[in-house]
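K.L.:
Sharing a structure, written as structure tokens. Questions coming.
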Amino acid sequence: MLAIALAPFALAAVVGFLLLYPFDHQQRTGADLGFGQYPVNAVVVSAAAGSCTQGSPDEGGCVVLGIRMQDGPRPDQTIEQTVPTDPGTPRFAVGDHVVLSYAGANPDDPTSYQVVDFQRGMPLLVLALVFAAAVIVLGRWQGVAALVALGLSFVVLIGFVLPAILAGEDPLLVAVVGAGLIMFVVLYLTHGFSARTSTAVLGTLLSLALIGLLSMVFSAATSLTGLDEDTSSLMGVLGTPIDARGLLLAGIVIGALGVLDDVTVTQTSAVWELRKANPSLSWRQLYKAGQRIGRDHVSSAVNTLVLAYAGAALPLLLAYTLSGRTFGEVVSSQAVAQEVVRTLVGSIGLVAAVPITTAIAAAVAVREPAKSAGRSGGSVADRVGRAAATSAETPTVRRRPPHLRPGR
């Protein structure tokens, strides 16, 4: 019954995707926007102190790097690059794998290249494999489903949300549709089609709507424009109008979704387990017991959210600390105020998700038979895993040969 009630929301997400996706829009490339820079992989083969070229900072001197290109227009060719050693420049050493920016001019001219960054592909790949292995070891088949759902979330973000915003669609509307697609796909794929999962979906949906409403109200009340340094630079490069405040609200909605589904799924599972342990509990008793569990969970979740935002804004906070401005002036500045609104609105949504989801879960669980309340239905991965576990645990009955049977 609950799944039927959610069907219009799922249909709305699909219709929104079809209406907002830029099917006929030609996405501009970096060359169209005037970037004209191409990455070239290279390795540092020598490094020596040297004088800075004209126009470079003289403080601390420079280092002359011998760099051998690994691809690009001149593979295996070695060029020299002079890099300043000021505090704002990375330190490069022999053996470092770096990325050059090639301007597309004369490939034999060293001035056509510039060292811009380190190569990080292999370490990131190793880290991703370790992460995937940890999830699979702990979650087994459900962990595999979670990884697939994570991949689909990235597909929605990269394949729908970003192109639609770049095509000029309303960022908040795009984020709401994208969050709806992610929510339905991730929760049902990971946890299966069941009343328990539908309860978590409904709790997430209502809490996300509250976060969207609060973010709209308080971003307008605090006169947040969304025009921080990065957004202003992006709009200047694109040359097309993008609603900066809508972009800020879209970030709040998508950022809160990941923490919300954790809270709603946990609360729903807690209520179902309480019902399984004591089928005689009434709706009110289930709700009160679930609330006690939720208080512990939400307190740690809110702390996690606040620290995550504070950690991301740490360089900004350091800069304001050294500015000599008062605490009130720092908090009311555009850059910090939008992080405050983002954090507090998300935290309010998390707090509200606990009673909302617990009330829905108690109302649904108390109407289910005790035995079915103890079963989650399970995703395809769950059913495959249970079948494999049952097969592995079933003992094999061996018949004794006739000459060893009793009485022979």
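One-based numbering along the chain as shown.
Each residue, glycine too, has its Cβ placed from N, Cα and C.
Sharing the features that TrEMBL gives for it:
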type	residues	note
COMPBIAS	397-408	compositional bias 'Basic residues'
REGION	370-408	region 'Disordered'
TRANSMEM	121-138	transmembrane segment
TRANSMEM	145-166	transmembrane segment
TRANSMEM	172-189	transmembrane segment
TRANSMEM	201-222	transmembrane segment
TRANSMEM	242-260	transmembrane segment
TRANSMEM	301-323	transmembrane segment
TRANSMEM	343-366	transmembrane segment
K.L.:
Which stretch from 121-138, 145-166, 201-222, 242-260, 343-366 shares the most C-beta pairs under 8 Å with the transmembrane segment (172-189)?
P.N.:
145-166
K.L.:
Count, for each of 145-166, 242-260, 301-323, 343-366, the Cβ pairs lying under 8 Å from the transmembrane segment (201-222), and report the range with the highest count.
P.N.:
343-366
K.L.:
May I ask for the residues of the chain that lie six or more residues beyond the transmembrane segment (242-260) and have a Cβ under 8 Å from a Cβ within it?
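P.N.:
Tertiary neighbours of the transmembrane segment (242-260) are 157, 161, 165, 168, 170-172, 174-176, 178-179, 182-183, 204, 207-208, 211-212, 215-216, 219, 224-227, 231, 234-235, 301, 304-305, 338, 341-342, 345-346, 349-350, 353.
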K.L.:
Given a Cβ distance threshold of under 8 angstroms, which distant residues of the chain, six or more beyond its ends, lie next to the transmembrane segment (301-323)?
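P.N.:
Apart from its flanks, the transmembrane segment (301-323) reaches 259, 262-263, 330, 333, 335-336, 339, 342-343, 346-347, 350-351.
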